[in-house]
Amino acid sequence: GIACLCDSDGPSVRGNTLSGTYWLAGCPSGWHNCKSSGQLIGACCKQ
């Protein structure tokens, strides 16, 4: 999957660890959305 920035990673993409995974169809079962304000399409999810 594509790495994405969770809220817990910090405010900026630069120099931060991207601990989330981007899912176009939303988070799969057992995962949770880790970004409170994100894209209109898809979700940044963590296991």
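Just so you know, glycine gets a Cβ as well, placed from its N, Cα and C.
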Disulfide-linked residue for Cys6, taking Swiss-Prot as the record, within Cys27, Cys34: Cys34
Using CB atoms and a 10 A radius, I'd like the single residue among the disulfide-bonded residues Cys6, Cys27 with the highest neighbour count. Cys6
